[in-house]
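Below: one structure in C-alpha cells.
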Amino acid sequence: MHLLDTLAEGLKEIDARGLRRRRRTADTPCAAHMTVDGRAIIGFASNDYLGLAAHPQLIAAIAEGAQRYGAGSGGSHLLGGHSRAHAQLEDDLAEFVGGFVENARALYFSTGYMANLATLTALAGRGTTLFSDALNHASLIDGARLSRADVQIYPHCDTDALSAMLEASDADVKVIVSDTVFSMDGDIAPLPRLLELAEQHGAWLIVDDAHGFGVLGPQGRGAIAQAALRSPNLISIGTLGKAAGVSGAFVAAHETVIEWLVQRARPYIFTTASVPAAAHAVSASLRIIGGEEGDARRAHLQQLIGRTRAMLKATPWLPVDSHTAVQPLIIGANDATLEIAATLDRAGLWVPAIRPPTVPTGTSRLRISLSAAHSQADLDRLEAGLQQLGAKAA
C-alpha cells in the first residue's frame, strides 16, 4: 500500500472514532469576546488566564521591541541570536521566580515543549530513572522518552506509590517529574510531599508550572511560591504564552543547572532564538503580573473560578474538583461531548471538546478555560447554555 493510502486509511479511522481535530481561525486578538471563523463568540478555549494577550501595554512593548531589536533574532543563542532583550528577560525571570534556590538563573526558550525536552534530555540519560506522574503533559512524556533514561510512571498524584518506587530504585540518578497544575484536570500536584521525597532520596524534582505561573502564589510567582518551597534539588519550568500573554518559556534553577543546559540542551543550542520583541514584551508582562493590576486580575479570576465550580456541580455531568482556571466537565463518550460542544458553539460559546488520546478513553470532556478577561455576564451566558443542555440530558 502506498504511504498516502496508509495515511488516508488512518484518517478514516480517526474520523470513525470521532477523534479528528480541527483548527479554528481567529480573526481578532485573543480575548473573551472574539471573532472566530467569521462568527462572534465568547471564548472559553484559550490559556490567557489573566487576559493579557491583548493588553495595550504588551502590544506597545512588542512594537517597541521590534523597533529596537528588529523582526527576528538572526541566529541561535550561541551563534549571534542572543539579544539584550533575551538577557534582560532572563534576569527578570530569575528575580521573579527564582526565590526557591540560592544563585538562581533562568533560561528563555521559544516554547514550553522545547523547555521540557531540553531539561529532561540534558539532565537525564542512561543510569537515570525518571519517576513521572501518569497525567503529565505530552512534552514531559516525550522528553522522558528521548532522554534514554529508565522511566517509571506512578499513579496520578499518588505519593505513597512514588515513595515505594523510589525506595526500590538503585538508579545512580533519580528524577521526579510532575506538572504543577494538570492541564486537562486542573488539579494541583502535592508539591511539598514531592519535594520531601526528592530530598529523602537524593533526587531532582522537575516541575512544569505552565498553568500555575502568573496565576498561583504571591504576586503570581507560581505554584512553587504558593507552596513556599526552597531547595537546590528543585527545577522549575514555566510558559510565557498562557498567563503572561505573550510566548516562550523558561527554566529556572541553580546557576550550575542553567549553565549545564546552555552547554548540553540540544533544543536550546540547535534552534534559532525567538523573536527579541517577544522577550521584551514578556518583561513588560512580568511587571503587570507582579503589580497591583496583576493582583486585581487574579482576584477577579478566583471569583469566576468559584462561580464556575458551583455551576458545573449543578449539571448532570461530572465536574473535576479543580480550584484553578482549568474547569473540566466530564461527559464520557466522544460523540456526546462533540454534540454538546457543537450546541454551545451554535449559541456563541466556544468550549472545546477534549477527547482521547489527550485524555483517557471514556473521559471525554468539555475543558472550560477561564480568564480574568471574562465578565460575570459571560458566565451568565455559559450557565444558561449548560442549563438548557442539562435539562435535555436529565
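Counting starts with 1 at the first residue shown.
From the backbone N, Cα and C atoms, a Cβ is placed for every residue, glycine too.
Not measured: the values here are computed from a predicted model.
Here Swiss-Prot flags Arg21, His137, Thr358 as substrate binding site, drawing on sequence analysis. For Gly112, Tyr113, Ser183, His211, Thr239, the entry in Swiss-Prot reads pyridoxal 5'-phosphate binding site, with the evidence type sequence analysis. The feature N6-(pyridoxal phosphate)lysine is assigned by Swiss-Prot to Lys242.
Where in this structure would I find these features, and how exposed are they?
Under 8 Å, Cβ to Cβ, and six or more positions away along its own chain, Thr358 (substrate binding site) finds Met184.
Just so you know, the Cβ of Ser183 (pyridoxal 5'-phosphate binding site) picks up 22 other Cβ atoms within 10 Å once every protein chain is counted.
In this structure, Lys242 (N6-(pyridoxal phosphate)lysine) belongs to neither helix nor strand by DSSP; it is coil.
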Please compare the recorded positions Arg21, His137, His211, Lys242 by how many other CB atoms fall within 10 Å of each one's CB, and tell me which has the fewest.
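Each of the recorded positions Arg21, His137, His211, Lys242 was scored; lowest Cβ tally within 10 Å is Arg21.
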Out of Gly112, Tyr113, His137, His211, point to the one nearest Lys242 (N6-(pyridoxal phosphate)lysine) in space (Cα versus Cα); all of them are binding-site residues in the record.
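Closest candidate to Lys242 (N6-(pyridoxal phosphate)lysine), judged by Cα separation, is His211.
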Identify all same-chain residues not among Gly112, Tyr113, Ser183, His211, Thr239 whose C-beta atom falls within 8 angstroms of the centroid of the pyridoxal 5'-phosphate site's C-beta atoms; report them in sequence order.
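Here the non-site neighbours turn out to be Asn47, Asn116, His137, Ser139, Asp208, Ala210, Lys242, Ala249.
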Just the number: how many Å between the Cα atoms of Arg21 (substrate binding site) and Ser183 (pyridoxal 5'-phosphate binding site)?
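Here the two Cα atoms lie 18 Å apart.
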